[in-house]
Amino acid sequence: MTIENEALTLKKRFRGYFPVVVDVETAGFNAQTDALLEICAVTLSMDENGDLHPASTIHFHIEPFEGANLEKEALEFNGIRDPFSPLRGAVSEQEALKEIYKLIRKEQKAADCSRAIMVAHNAAFDLSFVNAANERCKLKRVPFHPFATFDTATLSGLAYGQTVLAKACKAAGMEFDNREAHSALYDTQQTAELFCGIVNKWKALGGWPLVDEE
């Protein structure tokens, strides 16, 4: 691999971090007490031109953990009317996270990256719920950095002057279906496209690769 081609890799682009786009749907705002009900993760890949693209998608509906709080307003907001319905096909937090982390570790290794980093819209919220679930499940091998993230609310505010996901996507020239919004699957896919678009636009403007200083 030439020096020029080496610069056009995920490992080089994000300082060894492997970006993974995540969205969660929950039964409230408190990560310690409120249920995690849905999670989706989208991995990313970089092509030979150094452009970023969505790669693999993994998605789960999740059973409320024992004793979890369920805020009525939150359930109305995300459209999950009955978190205990067998029609949801929900699995435990532990099963969902283990499968997601298995995929992340596999693709992180293939990209020769040292650690995963979460990409999310208002990322502190999503990371707080994932970290709380990790603690409940006593998971030791967690691929994500415990606090560092790429927040697309901040990035889209810089790039497009919009911080709301729907408005940021539209400002970026993307379609956004409000009827599909607040589904972890749909929101993660849209966030992944938004993040890739911002990164690729910055590259097209000459912001990457950096010119090495001698």
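Cβ atoms are placed via backbone N, Cα and C, with glycine included.
What Swiss-Prot lists as active site, proton donor/acceptor is His182, and the listing cites sequence analysis. According to Swiss-Prot, the Mg(2+) 2 binding site annotation covers Asp23, Glu25, His182, Asp187. For Asp23, the entry in Swiss-Prot reads Mg(2+) 1 binding site, with the evidence type sequence analysis. Look at Swiss-Prot and you will find 20-195 tagged as domain 'Exonuclease', backed by sequence analysis. Annotation comment: Swiss-Prot describes Phe29, Phe77, Phe125, Phe147 as site 'Important for substrate binding and specificity', evidence class sequence analysis.
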Using Cα positions only, nearest of the recorded positions to Phe125 (site 'Important for substrate binding and specificity') (Asp23, His182, Asp187): Asp23
Fewest-neighbour residue among binding-site residues, criterion Cβ within 10 Å, set Asp23, Glu25: Glu25
Listed recorded sites (Phe77, Phe125, Phe147), ranked by Cβ neighbours within 10 Å, top entry: Phe125
When distances run from the Cα of Phe77 (site 'Important for substrate binding and specificity') to each of the recorded positions Asp23, Glu25, Phe147, His182, Asp187, the nearest one: His182
PLDDT averaged over the residues of the domain 'Exonuclease' (20-195): 98
Same chain, 6+ residues apart, C-beta under 8 Å of the C-beta of Phe29 (site 'Important for substrate binding and specificity'), given in sequence order: Glu71, Ala74, Phe125
Under 8 Å by Cβ from Asp187 (Mg(2+) 2 binding site), same chain, sequence gap 6 or more: Asp23, Cys40, His121, Leu165, Ala181
Those residues of the chain, 6+ apart, with a Cβ under 8 Å from that of the residue listed as 'active site, proton donor/acceptor': Glu25, Phe77, Asn78, Gly79
Three-class DSSP secondary structure - Phe147 (site 'Important for substrate binding and specificity'): strand
